[in-house]
Every structure is written in C-alpha cells, then in structure tokens.
Amino acid sequence: MEERARSRLLRSKATLEQDIKASYLMDHMISDGVLTNDEEAKVLSKATRKEQAVALLETLLRKDNRAYISFYNALIRESYGDLASLLHSDLPLLSPEGEKSFADGVSPSVQAILSVGGVPQRPVVFVSRPPLLNLIREMLYQLRDTPGWVTVFGMAGSGKSVMAAEVVRDRSLIKECFPDGVHWLSVGQCERADLLVRMQSLCFRLEQCQSSDTSQRPPSTVEEAKERLRFLMLRRFPRSLLILDDVWDSSSLRSFDIQCRVLLTTRNRALTDSVSGVRYEVPVENGLDEEKALEILALYVNGKMHKLPEQARSIVSECKGSPLVVSLIGALLREFPDRWSYYLRQLQQKQFKRIRKSSSYDYEALDQAMDASLQVLEAEHQELYRDLSVMQKDIKVPAKVLSVLWGLELEEVEDVLQEFVNKSLLFRDCNQRPYRYYLHDLQLDFLAEQNRDQIAELHKKMVRQYQRFYSKRPPDSADKDSLYWYQFIPYHMAKAGLSKELYSLMFSLDWVKEKARIMGSAHLINDYVEYGEILDKENSEVRVQFQEFLSLNGHHLEQRPFPDVVQLALSQPDRSEVYRQALMQAQKRASRGQIYLNWVNKNIEEGLSRLVMHPHQGAVYYACFSKDGSKIASCGASKALRVFKSTSGEKLLELQAHEEDVLCCAFSPDDRHIATCASDRKVKLWNVERGVLIREFEVEHEEQINHCQFTNTGRRVLLATCSNDKFTNTRLWNPNKKTSQNTMFGHMEPVNHCCFSPNDLYLATSSSDGSLKLFEVSSANEWKSIDVDSFFPESDEEIKAMVKCSTWSADGSQIICAARNTVFVFDVETSDLLLKLKTSRLSTIQFCHACPNSSLLAVALSHYTVELWNFESSKKKAECSGHLSWVHCVQFSPDGSLLLSSSDDQTIRLWETDRVHTSSAVALKRDTDVLSSHSDATIIAPDSSNRLQVLSGSTGAVVLESEELSSRIRCSCISRNAAFVALGSEDGTVQVIEVPSSKASVKLSGHTKTVHHCQFTDDCEILITSSEDSTIRVWKWRTGECMVLQGHMEPVRKFHLLSSSSSPHLFSWSFDGTVKVWDLTRGQMLQDLVCHEGAVLSCDVSSDGRLFATTSANRTAKVWSSASWKMLFLLEGHKDCVRSCRFSWDNKRLATGDDNGEIRLWSMLDGALLKICPRDTKDSMNSYHAGWVTDLHFSPDNRVLVSTAGYIKWWSVESGEALQTFYTMGGNLKKIHVSPDFSTFITVDSIGILYILKRLEGEGT
C-alpha cells in the first residue's frame, strides 16, 4: 500500500474502530478478491465488534492499494459515507495514466513496493543512464518465468548500486516479472556473524509482510536463515526479486542460493560461478561520458552546464568520468563552490584522502574505497598487483609482457589476471587477440600514490626482467605482444633512473632501425624530445644528431617496403655518430657482397627542414598550427583530417572528414575544435580531443569551399568561409548554430581566401575578380576594396589577375596579398600601395603568410620552393628547398619560431625560421656530363645562374666556373681529353669553352631552336648537336664548318654515336616515331625506320652493334637487327610511356623503364619477359619508383642494374629484387653517370644537389 493511503488509515484508525461493523464490510471485500475466507474467519473469531474492527484494520494495513479502495467502496455501500469521506482524499490511483503522471516518473504504488522492500531512494543528484538501465532490465525480463541471477559488476564507484535501485523503479517490470515485491539487502564485506544478522533482518521484513499473527524467533544460524528464506520465497513471495548489493565473496552469495530471482551488484564478476541456476551478466562502464558527468556537477552547484568553469572538464577528464569521484567532488563543491581549482589539483596530485566523504557512500575517502578491493587478494597476488604501478594510463598490455615482468609461465599469468579482472581490479579488452589488460586511471593513480617511494624500484624491476628475458636476442618485431617493449622500455628506463641503459639504447642505430620499422619515426622522435634532458647529460650533440636524422628521414621510414636505415644514415654528416655507426655496419655488410653507397661530397646545409612528415596519401592542400603551437592539423586529397604533434609528427587524431577533397582546416581560438571545408560544399566542426563530429552546418554554399578561418580571439567566436560561388561567396557562421549568421556581398567571382584582422574587426577576402576587399565583421558591410588587377598593366581585360590569398601584418596596419608571381603590401587605412615584391617569373605564388611577431613573410611557390622575405626592407631572406612538387600552403607558428609548408608531394615540412637562409651553394641543373678516368672523374653542369661549372668527381669541388650566359643552357658535354666543354643553349647557339681557362673558344650558330643534346667525337675534332628544330648538325667546331642532317619531322632529343672501322655512324631518334641512321663522313641517311606510332623516347645499341632497341610513348619497346634493319621482338606489357632502355653488357638482356616507375627485364634470345622490378610494391607516392624511370645501367658482370626516377635503385638482375635504394633530397632525376667499374655513381636532383656516390668496400678490402 502506498504511503499516503497507509498514513490515512493509521490516522483514521481510532474513528473507524469505534463505528464500523467488520462483518458487513468483509463480504464486499471478499467479493473484490482482496480478502480471503481464512482472513475473514480470523477477524470473526474475535469476541467483540471493536476487536473485530481492530483485526480487520490490521489485516488491511498489510494489503496493497486495491484493498484500500475495496474497503472505501464497502464503506459507501454500507452507508458509512462520513467514514468514507475521511479516506477519499488519499485514494490511490490504479490506472496506467495515473501511474505515469508523477514528476519523477515513479508512481506512489511503485514507491510503496520499493519502500516495503527497503530499496534505497534516488541520490540527491541523479543522472539517468538509459542504455545501461535498458540492458539490466532486459536481463531481468529473462527471470520472468524462471529463477536465476543477474550480476551487475564493475569497479568501485562506477554506479552499480544506484543503477540497481533505479532499474526497479519501473511499474511494468514489477507487474510483469516481480508482482510479489522487490527486496533489497546490503551485504558488503562481512564475517559470518554479520551475514547472519543481515539475513535475520531480511527474514523479519518478509515475515512482517505476511498476515500471520504468530511471531517467529529469528534464525540462529546462517543455514537456518537460508532455509527460512527459501521457504518464504517459495511459499509466500514466489515471484519477487531479491537485490543483493555489494557482494564480495562467494561464500556469502551461496547463503542466498535459494532458487529465487536475484539481482546482485559486485566488483567480482565470477561470484555466480559458485551458485546454481541460470546466470546473466551486465558490465557497468568505468566512467560517464563527459556530458553526463558535467550534468552531475551542474546539478550539485545548481548551475547550467555551459556556465561551468573550464576546470569542470579537466576534473571529468582526470577521473575519466568516474561517477563516484564526480559525485564526491560535486558534493564538496556544493559546500565550497570556489574550490574547483583546489579539487582538480588534488586529483592531479593524487591526494585522494582529501576528497573525503560527503555522500552516502560506504567509505570515508576515495582511497579507502579502492584499497578495500585490494585487501581481499591473497598476499602473493597483492605483490603482483603492486607491480602494475608501472603501467601507463590508457595503455593496454598483453599478458606476455607481464609474464616477463613476473617471471611466470604465460598460463599462470593469465590465471592471475583473470582473478584481477573478476574482482574489477583490472580491465580486459576482448576485441584484441591475445587479450590486452589495462587499469582505470583512478586505480593507477591510487597504486602510484600508494607505492610512491618504490616507483623507481618497480620500474627498475621491469627493466631488469626485460634485460634478462631478452639477453640473447631483442624482442621479435613480428610478434605483436612484443611491441610494448619497443614503445615503452625507454619510459621504464627513464623512470627507473637507469641513465646509462637509456643512453646505450637510444644512441644505437640498431634500436632506431627496429623501432622505426615497427612504429614509424614519430614515436622515436617523441622519445628524443621526451627524454632529451636525460640524454643531454650524456651527450647533447649525439642526441641532436639522432633526432635530426629521424626528423629529416621520417617520411622515408613510413615507406613500405621499409628502407635500409643504414643506407639512409650514410647520408648524415661524417662527424655524426649516426654516420659512424652506419659506416661500421655498412662495411661489414659490404664484405658479404651487399651494396652500400657513401655520398662523398655531401654538404648537409643548415637551411634544410627540421622535420618532414608524410601524413596523407595524396596532396596536402592545407596545414595549420594550433593556437598554442603544440599541434598541427592537415587535410587534402585523401579526404581526411589529421592532427599530430608539432615536435615529433606523432599522430594524435585521424578521421575521414568529407566525401571529397578537404581544402582547408582551422583550429578554434581555444584549440578545442577544428573546422573543415571541402569540395563537397560542406563545413564541419570537430572535437579535437575525442575526434567526433560536433556540428555539420547547413549546405549554403553552391560551389566548393576554398578556405575557412576562425576569429583570432575567443571574445566572440566566428567562423568565416569563402567559396567559388558567384555572389554569395563569403559567409560568417556562429559555431553554435547550423545556419550562417551573415553573408558578405561584393565579389562577383570565386573568393579564394579569407582571413580576420588581428583584432577581429575586419575580414579580408581575395578573389579571382582581381580584387582584395575588407569587410567590417560586425555589420558584414564592405569597408574597402583594392583593385589588385590594375597593378598588372599588361593584363588581359577578360582574364583578371587572380588574387590567391592575403595576410595581415602583426599590428594589423598593413594587408598583404599575392597575385601571379607578385606580393603587394598595402596600408590598411589609406589603401596605398607600400611595396611590391616579385618572385621568379617562372612560378606563381600559391599562398603567403606574415609572421605574427616580425616583418617576415613566407611565400609558397609553384616551382616547389618556399621563400622568406622581409616585407619592410624588400629583401629575400631565405629560400627553403626540399619539396618535390607544388607548395600549397605556408604558415608560421604562433611564436614565429617555426614555419610549416604543405605540398602536392604528400609531405609537410617544418622549418626553423632563424636557421633557414639563402644557400651559398649554387643549385646545379640536371643537364650534366661526366668524363671518367681510372683515378677521378670530371663533372660539368650548368647552374641556376646560367653559368657552366666544372667540378671534381672525387670531392665535388668547383674547378672552373664560366661567365653567366645570356641564353639558358640546355645541354653540355666534355671532350675525351677534358680540354673542351660544349654548351647548347635555348636560343639555338652552341659554345665551346676551353678548360681550365674558361675562355670561350668558339660560338656556333645555326640551330633555330633549343639545342637538346651535344657530343664530341673521340678525336675531339667533331661536335655533334641535335635540336628542337628537328635537325642534327655535325660541326668541325674549330673552323665553324657544319654539315646538317635533315629528315626528322619532330624535335631530336638525343642521338647515339657509333664508331666503326670503316666510318662513324649516328643513330638518331625523334618524337616523329622514327629512327634514322647516318653516315657521319658523308652526311648521308643510311636508314629511315618508322619504329613506333608514338614518339620514340629512347634508344640503345648493344655492345656488339648487332641489336638496337627503341622505346615509345605508345607503351611498347622494340628490338631491331642492325644487319637486316627489321624488328626482331615487340615488347608489350608496360602500362605507361616507356622512357628508357639499356642492353646488358653480354647482350643477353634488355631493361626497359616506364613512367609508372616499373622496370622490365627481357630475354634477347626470344623476347620473353624475365622479370618485373618491383613486382607489386608501390611506394608512398603510389608509384613503383617515385616517378618516371629515366636511366638504366647494367654492371660489367651483368648481375646488377641501377635505375633513376624519383630516387636511385639497384636491382638484382637474377631475382628482380631491390638490392639498395638511395633517396636524394630532390626528385625527378634525369640521368646517372656510372663509372666503368660500377663503383661510382653521379647525378643531380631536381633541387640542384650534386651526388657523387661511391660504393663501399668491405672491411680490410
């Protein structure tokens, strides 16, 4: 019976006893089914009318709401209207609608049942957890027709008891499954005597609910109490639910194995293994989500969630949403609302004793609650559990690691861990095989605090056990269970204070190689940053050397197949410890026949980027720093958003953000959110910490969205976007609303970029209509407009000079924008042009950004470089080379110390602003020639200043440098006696220069277009040149006499000179698809062969002169007979243009290379395909060789093949496997010069760096 009705009966009891005649009323109540004949007989057995009335009312008080209503109706029918009126105001509601109408969702009838059963009321502050409640209810419905057990288990303070009480506040559940009531018993940790008292109390409560007047004595033993309960449940309460709260051990639980329906809460999920009957389990998650936890704190302090201080989120994060901790701190804050920072500090400092009881929880302080779980373990297991103090937060550990730590068999360890899991002392991730184990943050903090004085020793134990177990060989990198050691053994060494062991490990190239193979470079770099202070005490220079090696080669270490780390390390400066270790290892391996190359002329410049990252598969369109500079976000053609540490490149977040290319991303002023915009016309807002979508704004732009940016300060946060729309192309958004707040009108063409002024008062927009506009943010009105196109007088009226981007000076007084190859600096107030900076005429500016605390301006260019300018002095301060394709974006860090650049080459480079400078070394062009001798080589190459340089082949030192030429040098060659150098120019002229005087000997005119190739004959008397004008010229260069070989219809890019006993012949090939053979003495065409339908891209002649091969843009290669001039083999299979070919020295094989980076080896016996190099492994650029295969050379013994494309590779001719790879700084190698003994390799890359590579010989060779 509900409380109000029972109270009314008790208050009216005296009046009713005086007036009613029980015998008249009982007939009606028996008819209604609320009174039995036995109960009527007991009442009538009383001697007097009043005694009968007293007995009837006593019986009625033990009944439910239906009995109250039946009694009320009987009073009406027997004309006791005045008495009925006493009861009328508290009549219970029995209709379903009435049951649901109460504010807290719990009807009085349900509340009455729960009160009788001793179920605790809701806590003062309560937040529902519907998914968990539904799961428990679902399990309880399984007990509707049969007895059984439902176990709700979880760690201390996870909210088990609150959920168990809440789940039965459900009328439907009680009516359908437990109509005979719900009974609650708190068990806890108790001895047998205490357990008997609790069971006696339950027996008494159940007996009170019966109508029997006989009072039984309490049971005197646990066994008797168990039998009494069994009888009561089976006979009197067959469909009731017994809730056992906080059960600790199986012996206590067995005392309630009485074939009834039981819901129990416990920290030990395995308890029900000791009882009979069906069993169901419901795990309770360790923590609430952030929103629920904040809701609890808000309720405690009577505030709104969005008005809670920032410390509230930190408290929730620190305790991982533990319901117990949140409630304890919330209750304390109710008394002391200004102590947010204090309680956060106590949590961070693990001062659990100060977070003391202020709720109905059983323990005085948080540490007591956690210690209680630990005390039930055996002493031996307590020691093992203590060792877990060395675990890191959020790190899941395999059992094999703990097997090493404890020195136990794996099966024994798994048994111990199972016990810890069962007691909610440890958690198991079953989604991984083998299982991974982890501690809740609070448990770990508690352990760390409890064992504070022994932490170093515990870490030392971890290290010593690791060293003992892996003394003979390191952990197997292929074994997933061993990955823990690679990730965390430096951490344990540092925490143990084992500095020497840490130096030895981290200053080892073997360790670097193995860890990089498994985890990539970012983890390693992070280790050098994390433990830098310890390592620097040993040798700060060596620490920097290892860190720089990883930073500059990190993108290579992401490649699969994994590169040879020893070869990468050989490119480090000779003074570097990394180089010293690599050289020792390389010499040992070279003794066994392996190929290693030493870069003898390396000069690692200070201006190189300090960190190279490869975050995306595809172009990186945009990257930006967080406001605190600790993180970098990037996006691009991969459609993904990625966030990583700016110190190491370690990935923090990666998610698929859009369905099309993501063009821009931006951090919010507080760094908690990131906005993204894309080609799919969508703008999205993401939570950085959790990686979840917060909001997808309405699609209001009609075309792709090019850029997005938040305001710089958090006073009034707005997001600006701009797009390719014709009119409504710039919008302002409130991050809390799905629709835009304002639209800025003015541009009639796409807007490429937008940015807020430093004080957020203005928004600058850069448009394809040739203008730069400034809008007032508050009104969205146009404030100023600058016609940038008007500063290009040569501009076509119909094609405007597109303004690509803009940026504000640090003080906001100047606005800087870029169009074509020019940077303009304007005064904001007057719109006057203050300065104009012109970059290379051959490039266009893709992006620019002004340093936030200086007058430096970074400019991203289409010709793969980044330039730094001082926009006050108009001077170029530095040029940053290294990217292999267009640079899309540049941005300074908030403090101006770093500069990032993102590129089409899929990388992001990080530069130190004060270390980059304009290189003193002149960049060479790739149009080189090399003359090899037994002891040395001579290299000639034009440079970026259009001078010819002659360099030493052993050191790369400049021997000679010509005057600057007026027309761009496009080819060069050196005579066999090294006395003369020839140059072919873009204007068609040819010059011969004497060496070493650099005196211009002769200038030859005749070609009308670019000269592509030149070569001296062996006697140095004849110079042959080929040109874009389709002709070949044979010069007696000393006299200027010339013979013209005409016949080709398209440019002649190259030719091949053949010497024979009779007369010299010349092979030439052209884009017209033909190969022609010429007699050089008479200038006569001997053969004119139509070889391919497409352009002929390369040709080679076998060493015996019997065969020649041609390759074409039509994806085929052909082999021809020099005797019959007929085709012998058609070689098909390449999937792209076949750009290079080379016969082996024994003429048994032909190698061909294509624009997809693939190399094929063919038999010259029958034209059969022998090998494909590589077979199926593409690199990070989705190519087999990072670009076109431009050159091929066989070793003299025909066992090795070297190739050039994006880098240099050496291949086994027999197996087709790669033997070695040398990664150049730049890419797009044009050719490689190989010494006759195959020991020296010389090339120049796309950024003008010369490589003289000498093959290392083995030790003692």
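The backbone N, Cα and C atoms fix where each Cβ goes, glycine too.
The following features are taken from Swiss-Prot:
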BINDING   G154, M155, A156, G157, S158, G159, K160, S161  ATP binding site
DOMAIN    1-90  domain 'CARD'
DOMAIN    106-417  domain 'NB-ARC'
REPEAT    615-654  repeat 'WD 1'
REPEAT    700-743  repeat 'WD 3'
REPEAT    746-785  repeat 'WD 4'
REPEAT    798-836  repeat 'WD 5'
REPEAT    840-879  repeat 'WD 6'
REPEAT    882-921  repeat 'WD 7'
REPEAT    964-1003  repeat 'WD 8'
REPEAT    1006-1045  repeat 'WD 9'
REPEAT    1047-1088  repeat 'WD 10'
REPEAT    1091-1130  repeat 'WD 11'
REPEAT    1133-1172  repeat 'WD 12'
REPEAT    1184-1223  repeat 'WD 13'
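As a quick check, the repeat 'WD 1' (615-654) and the repeat 'WD 7' (882-921) clear the bar of 3 or more Cβ pairs under 8 A, pairs 6 or more apart, so the two touch. Under DSSP, S161 (ATP binding site) is assigned to a helix (H, G or I) in the three-state scheme.
Neighbour count (other Cβ atoms within 10 Å of the Cβ, all protein chains): 26 for A156 (ATP binding site). Each residue in T265, R267, V284, P323, L324, S424 lies on the same chain as G154, M155, A156, G157, S158, G159, K160, S161 and has a C-beta within 8 Å of the C-beta centroid of that ATP site, without being one of the site residues. Within the chain, the repeat 'WD 4' (746-785) has long-range Cβ neighbours (under 8 A, six or more residues past its boundaries) at 703, 706-707, 709-713, 715-716, 718, 720-727, 729-730, 732, 795, 800-808, 810-812, 815, 817, 819, 826, 828, 831. Cβ neighbours of G154 (ATP binding site) (same chain, under 8 Å, six or more residues apart in sequence): K160, R267, P283, V284, E285, N286, S424.
Across the binding-site residues listed here (S158, S161), the residue whose Cβ sits among the most other Cβ atoms within 10 Å is S158.
Same-chain residues lying 6+ beyond the ends of the repeat 'WD 10' (1047-1088) with a Cβ under 8 Å from its Cβ atoms: 1009, 1012-1013, 1015, 1017-1018, 1022, 1024, 1026-1032, 1034, 1094-1096, 1098-1101, 1105, 1108, 1110, 1112, 1120, 1125. Counting same-chain residues at least six beyond the ends of the repeat 'WD 7' (882-921), those with a Cβ under 8 angstroms from any Cβ of the stretch are 551, 555, 603, 605-625, 627-629, 632, 634, 636, 646, 846-854, 856, 858-862, 864-866, 868, 876, 1180-1181, 1206, 1225-1228, 1246-1247.
Residue counts for the repeat 'WD 10' (1047-1088) under DSSP (helix as H, G, I; strand as E, B; rest coil) come to 0 helix, 21 strand, 21 coil. Across the residues of the repeat 'WD 1' (615-654), the predicted structure has a mean pLDDT of 92. In the three-state DSSP assignment, the secondary structure recorded for G154 (ATP binding site) is coil.
Non-local neighbours of the repeat 'WD 6' (840-879) in the same chain are 607, 804-810, 814, 816-823, 825, 885-892, 894-896, 899, 901, 903, 905, 911, 913, 916-919, 1246-1247; each lies 6+ residues outside the stretch with a CB under 8 Å from one of its CB atoms.
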